[in-house]
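K.L.:
The structure is given below, and queries will be raised subsequently.
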Amino acid sequence: MTDHPLLHNRGIQVKVPGTSANIGPGFDAFGLAFNLYNSFTFMEKDDGKLTIRGVSRKYQGTNNLVYCAMQRVFNRVHHYPKGLYIYTETGVPVSRGLGSSATCIVGGLVGANALCGSPLSQDELFDIAVDMEGHPDNIAPAMFGGLVCSIGSHQHYQYIKKEVADSFAFHLIVPDFELSTKAARAALPNNIPRKDGVFNVAHATMTYLALSEGRPDILKNSMNDKLHEPYRKHLIRSFDAVKRTALRYGALGVCISGAGPTMLAITQKNNLSAFSEHMRDYLSKKEPNWLYYDLSPDNEGTTIDFNVEVDL
């Protein structure tokens with residue numbers, strides 16, 4: 001996450017990447033940032049009003065998640081703006097397993113911290129963000145970029161970030177329906193066989209190293225999961241058919257992005273164009289209302305522009 005001195009009397013824009021959690025076997029531990037963004041513009045005002053733009057009317061009040069995140073910082077540092085302007089430019093699909101809520105939390109925290117002169121450290125903001133979200137797998141890559149593995153307790157979280165090798169291409173297949181995290185969580189069993197836990201530990205480790213070290217030969221065998229995909233895939237229409245098709249066209253691995261319903265496919269970059277052409281053609285015939293993205297990793301994370309003109 002980049003940081004710079006605050007220019008007073010100017011709006012601040014915070015750009016936060018969308019993310020994919022789990023990456024197959026890295027259940028509740030791995031997260032990856034993409035070049036798909038939500039942007040948030042902030043400015044303090046003297047009129048005593050909260051003005052929120054760029055979202056539907058029901059989110060233009062104090063229930064707005066970005067605003068709620070900002071309040072966590074304001075209360076922590078005892079800074080209370082008379083009025084506040086928030087504008088959201090949405091580029092990350094909502095409720096599709098791409099970390100949209102994480103972008104709102106991170107955007108609000110980072111924006112509020114910047115308005116206050118950046119009194120809180122990145123680690124402090126990270127802990128607040130995870131406390132709000134409930135888990136770090138989307139928060140960490142949204143803040144720091146790259147491929148991130150996180151651990152921690154309710155008090156403090158730690159992470160290790162790796163940049164993704166340039167030899168991979170990433171493809172998001174976004175269904176035309178939402179899937180709540182609550183429903184996806186409810187599909188999981190309370191207990192798992194020991195052999196499935198061992199399987200995932202080994203495959204998650206190899207997936208993390210394969211992505212950071214550029215090992216397609218490893219990734220082709222490691223992106224398999226036994227902890228969540230077998231129990232959630234029935235919630236995603238056409239999951240098995242789409243996964244089989246993507247593998248047939250050269251995907252190294254295919255998984256559920258976060259809690260779903262979005263699917264993530266990873267290919268070698270030299271196969272990007274051919275894979276994309278085949279998948280777009282397939283989806284246009286089988287699921288014409290689904291969205292498809294060819295993306296690259298975002299290794300930078302959240303960025304701040306301190307000198308943005310605000311049009312009220």
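Placement of Cβ uses the backbone N, Cα and C atoms for every residue, glycine included.
Bear in mind that the values here come from a model prediction, so they are computed numbers and not experimental data.
Copying in the features that TrEMBL gives for the protein in this structure:
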DOMAIN    64-146  domain 'GHMP kinase N-terminal'
BINDING   Pro93, Val94, Ser95, Arg96, Gly97, Leu98, Gly99, Ser100, Ser101, Ala102, Thr103  ATP binding site
DOMAIN    211-282  domain 'GHMP kinase C-terminal'
K.L.:
Select the most exposed residue of Ser95, Ser101, Thr103, where exposure means the fewest other Cβ atoms within 10 Å, treating these as the binding-site residues.
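P.N.:
Each of the binding-site residues Ser95, Ser101, Thr103 was scored by Cβ atoms within 10 Å; lowest is Ser95.
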K.L.:
Relative to the mean position of the Cβ atoms of Pro93, Val94, Ser95, Arg96, Gly97, Leu98, Gly99, Ser100, Ser101, Ala102, Thr103, the recorded ATP site, which additional same-chain residues have Cβ within 8 Å?
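P.N.:
Apart from the listed residues, the neighbours are Gly18, Val92, Asn138, Gly258.
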K.L.:
With Cβ-Cβ distance below 8 Å and at least 6 positions apart along the chain, what are the contacts of Pro93 (ATP binding site)? List them in sequence order.
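P.N.:
Long-range Cβ contacts: Ser100, Val174, Thr262, Leu291.
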K.L.:
For the domain 'GHMP kinase C-terminal' (211-282), give the DSSP counts of helix residues, strand residues and coil residues.
P.N.:
41 helix, 10 strand, 21 coil
K.L.:
Which of the three DSSP-derived classes (helix, strand, coil) applies to Ser101 (ATP binding site)?
P.N.:
helix
K.L.:
Provide the number of Cβ atoms within 10 Å of the Cβ of Gly99 (ATP binding site), excluding the reference atom itself.
P.N.:
31
